[in-house]
Amino acid sequence: MRQRQSVAVSSSAETDRTQNPIPSKSDPQQKKVQSFDFLGSSKKVFALCFAFRIANALLVQTYFNPDEHWQALEVAHRITFGYGHLTWEWEKGIRSYLHPLLFALLYKLLAVLGLDTPWFMVRAPRLFQSFFSAFGDLYLYKLSVILFGHCVAKWALFSQLTNWFMFYCLTRTLSNSLETVLTLVSLYYWPCMRPSSSKLPLESRKWGLIIAALACAIRPTSAIIWLYVGLLELFVTRDKLRFIFLEVAPMGLLVLGITFLLDRLMYGSWVLVPLNFLKFNFLSAGGDYYGTHKWHWYFTQGFTVMIFSFLPFSVAGIMQSKHWKLSGLIVWVLGLYSVLGHKEFRFVLPVLPIALIFSGHSLAALRSTISANGRGKESSNIHRTCPAKMQVAIFFLLATNIPMALYMSLVHQRGTEDVTYYLSKEVLDGKVTNILFLMPCHATPYYATVHHNLPMRFLDCSPREEKGIPDESDHFMIDPVGFASEFAKNWSLPSHIVLFDSEEKLLKDFLISHSFKEIKRFFHAHFKVDRDLQASVVVYGFTGD
């Protein structure tokens, strides 16, 4: 995927040194500057980012979104080991097997090497994702170099690595995380996103198309991004017919065809996932079943929380750089996602790094002379002094983002991860034979973490055909005691019951009357999210008395 770049020749050598985003090997002045730059090569940038993301993956020990486990790892575990739960999305054919297959290969490798132990089953997937995440960081840096030069690129990378939400989310095994990486890589190869002085061979755009198509295959909603970029490219390209019929159509059909055949193999029948996804999420608003927000939520809460204290720097960078094509992409994505009723933070994750590039621009401006097109030179004493305003900005960003990243990654909502890991170890010792999760559906990891084919049961929350009818999970939350009493009449007696302390208080008499006693308690959260406070997760075991 390495691609040579051609830059328009300036009328003077000095202008060329200032505007060329890729330093020339024959330029002694550029070599002198590079000798002070520890990020002087792509290999060094990737090594730094990979090491950082490995540490990042090991520090992420909390539960964020059910899809991380239930739409990726659980499916991959079923592919590899023959058991694992498939949610209703797989019955309706609105998910592609392309993303889970990546982790199925990882699980197969662990099994062959005999490393499918509790620790590796929990840590290996996020460590694997850290490899992809590092590529995302690298291409954010490379894209920033092309757009604004090395000075801005370093601070864009700083923004990417220190933003709390990127730390919290990018190494998780969500399809949105891989979509974000593919978006950054693909944007790097699109000519329309580069300065007008930059020229690229046609092969570069083809790489951009292939990677964009992969992003859409993994998450069909990624088409929102590529519709904007594709129309922009169509507007600026000279040979429009060639672009449509000799590039977009063949590349799109190639990737679609491969994923279509892959899904045919895995589903056992012909399933057109993008069409089913479109019908459910856009035409029937099926996602609204899981909650809706006001139209302005991404602008007033969602995206502002994600970008956090980098927001004023990103806004300043947009105004300084005047790169309206790239900043327009952010507005376009936030605007279209705002039309949908069901909203989540992770849906707009792919444009967060783009906003952080603009943050890097404004940070670089604090210690450099930035020209109108965004490129600039650092002052001659840049390695000896750091302006006071720069020190304040760095301290402010680190002081606000690092505590947030560590708290959300190590503390908030970790109980459901800890309890499943604990049960996986107890299973190996033969102490667990049947588990019942009496809690809101998909609140914990499942077979992919327990990694043992024993009977387990959770409360179903599949969308109902008739609107307004509570599902099994809703019934339990409305009346825990009544639901549990009725459920116990026909249950297969579990050896262990897992529940939140908020429901435990109501079910204590029920549990004691059925010969269960508390075995283990795990801290979960200090404050409530979308329900009553779930401070801890409790494990009850059957005593047999």
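Each Cβ is built from the backbone N, Cα and C atoms, and glycine gets one as well.
Unlike curated records, TrEMBL annotations are generated automatically.
Record note: among 269-290, 423-444, 269-290 is the stretch given as transmembrane segment by TrEMBL. Across 209-229, 296-316, 323-341, stretch 296-316 shows the highest tally of CB pairs under 8 A with the transmembrane segment (391-410). For the transmembrane segment (347-370), the partner stretch with the highest count of Cβ pairs under 8 angstroms, out of 138-158, 164-189, 209-229, 241-262, 296-316, is 138-158. Of the ranges 97-117, 138-158, 164-189, 241-262, 296-316, the one with the most Cβ pairs under 8 Å to the transmembrane segment (209-229) is 164-189. Outside the transmembrane segment (269-290) by six or more residues, the chain places 92-96, 216-217, 220-221, 256, 259-260, 263, 340-342, 463 with a CB less than 8 A from a CB of the stretch.
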